[in-house]
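Quick notes on the structure that follows.
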Amino acid sequence: IFRVFSTQYSKKSIKTIPVGIFSVFKRIVGSTIFFLCVLSFFGQEHFSEIFKPFFRIDIAIYMGVIISLGLFVWYKGMTGSTSSNLAIANSFQPVAGVMFAYIIVGEIPSRAQLFGGITIMTGVFIALITVIKTGQKKRLDDLSESRSFTDV
């Protein structure tokens, strides 16, 4: 539910606010909420290694390259996308996460992850068929309008 609200709000806000400002603001709000949740669940000891130099270098590279570049590309893509395309892309994210965990780390997916992935991909396939059929119908309607004999 929160993901749907976030996506719809993001799509509407991104038309009036520059991508960079919106991206930074959304990350700050999300990070603050995440920090407060982790602090309430695990306590202050959870953050004991945060000031070690090696850890800071890893996090700086991760934040600078993967998160910032990924979010920039994601929000640029959102500006010209339809809601159905965004829903398909959001649905594919958990499947991609499990797939890359297997490829990069070698973590074998559990039965629940496999079942969930199959369910999600079935939904994505159905949504893609719907988008394709809707697009074909729209193109046929446009084609029939352009070939009408109203100008004769």
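Using the three backbone atoms N, Cα and C, a Cβ is placed for every residue, glycine included.
Automatic, uncurated: that is what TrEMBL annotation is.
What TrEMBL records for 5-128 is domain 'EamA'. Summed and averaged per residue, pLDDT over the domain 'EamA' (5-128) gives 81.
Annotation source TrEMBL lists transmembrane segment at 21-42 (among others).
Annotation source TrEMBL lists transmembrane segment at 54-75 (among others).
Residues 3, 7, 77, 81, 113, 116-117, 120-121, 123-124, 127-128, 131 of the same chain lie 6+ residues outside the transmembrane segment (87-106) yet bring a C-beta within less than 8 angstroms of a C-beta in it. Per TrEMBL, the feature transmembrane segment maps to 87-106 (among others).
Within the same chain, residues 84-85, 87-88, 91-92, 94-95, 98 sit at least 6 positions outside the transmembrane segment (112-132) and bring their C-beta atoms closer than 8 Å to a C-beta of that stretch. Residues annotated as transmembrane segment in TrEMBL: 112-132 (among others).
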Which residue counts does DSSP give the domain 'EamA' (5-128) for helix, strand and coil?
105 helix, 0 strand, 19 coil
